[in-house]
Amino acid sequence: MSQNKNTICLFDVDDTLTKPRNAITNEMKELLASLRTKIKIGVVGGSNFNKIKEQLGENFINDFDYVFAENGLIAYKDGSLLEIQDIKKYLGEENIKKFINFVLHYVADLDIPIKRGTFVEFRNGMLNISPIGRNCSQQEREEFEKYDLEHKIRSTMVSILKEEFKSFGLQYSIGGQISFDVFPIGWDKTYCLRHLPEDEFKTLYFFGDKTFLGGNDYEIANHPRITQSFTVKSPANTLAILNDFFFKK
């Protein structure tokens, strides 16, 4: 069967294709390969390219028609690089320094059960802020997620940063278990859509877990170009929906 080149299915990574920061399963890889014989497929993750590669595999840029890291600020088509955006050019070094200094002071004064390291991760198109620190263990990551749900550590921090830096033109997006992303307004996951021409792609599907307001899948899930979005809770949920929607006879 020939591939329908006018239809594409876009996938988030954590809690959609994989468990958070875990490797993709063979079952998921096989189903995606089967789906790719029907339509084009793409991945759009908030993480940087190397982190997505750790989860989806060394050869992942050849397993998808499109790969969008950092919301599409790093974009690949058919295994070839299309674009790399740069937050340094947008904000300038002085503003970046002011922002990071404020974040580090805030985290230093934050009273949470544990802290580890890498509270600010500088990426090409965004800053990733983690109150607990990105190099916490998987168990600590899961414990922080529960703590954050109750105590609203991330959402409170986002509110304070929005007020403090309202002139910077920044957008904030809570994703994953332990962090949130900061990037120029419009550089959310909808950014990737500019690489999918409207005259070429007529039907677009999106699968993601953080589709709620403030989540890093919200903007793309609700974008007018998305034909249908699917809110999922786990890779198992994604598998079930894919089988039911695309393969059920």
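Note: Cβ is positioned from N, Cα and C throughout, glycine not excepted.
Features as listed in Swiss-Prot:
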ACT_SITE  D12  active site, nucleophile
BINDING   D12, D14, D209  Mg(2+) binding site
ACT_SITE  D14  active site, proton donor/acceptor
BINDING   R21, R123, R134, R141, S179, D181  alpha-D-mannose 1-phosphate binding site
Enter the number of other CB atoms within 10 angstroms of the CB of D181 (alpha-D-mannose 1-phosphate binding site).
24
Cα-Cα distance, maximum over R21, R123, R134, R141, S179, D181, record's alpha-D-mannose 1-phosphate binders, Å
21
Rounded Cα distance in angstrom between R141 (alpha-D-mannose 1-phosphate binding site) and D12 (active site, nucleophile) is 19
Proximal residue to D14 (Mg(2+) binding site) among binding-site residues R21, R134, D181 (C-alpha distance)
R21
Same chain only, sequence gap of 6 or more: which residues have a CB within under 8 Å of the CB of R21 (alpha-D-mannose 1-phosphate binding site)?
D14, K51, E54, Q55, Q138, R141
Cα-to-Cα gap, S179 (alpha-D-mannose 1-phosphate binding site) vs D209 (Mg(2+) binding site), nearest whole Å:
15
Check the binding-site residues R123, R134, R141 for other C-beta atoms within 10 angstroms of each C-beta and report the one with the most.
R123
I'm trying to understand the geometry here, so how far is the Cα atom of R123 (alpha-D-mannose 1-phosphate binding site) from the Cα atom of D12 (active site, nucleophile), in Å to the nearest whole number?
18
When the Cα of the residue listed as 'active site, nucleophile' is compared with the Cα of each of the binding-site residues R134, D181, D209, which one is closest?
D209
Could you tell me which of these recorded positions, D12, D14, D209, has the greatest number of Cβ atoms within 10 Å of its own Cβ?
D12
Residues flanking the Mg(2+) site, with Cβ no more than 8 Å from the Cβ centroid of D12, D14, D209 and excluding those residues themselves:
V13, D15, T16, L17, P20, G175, G176, G208, K210, D217, V232
Rounded Cα-Cα span from D209 (Mg(2+) binding site) to D181 (alpha-D-mannose 1-phosphate binding site), Å
16
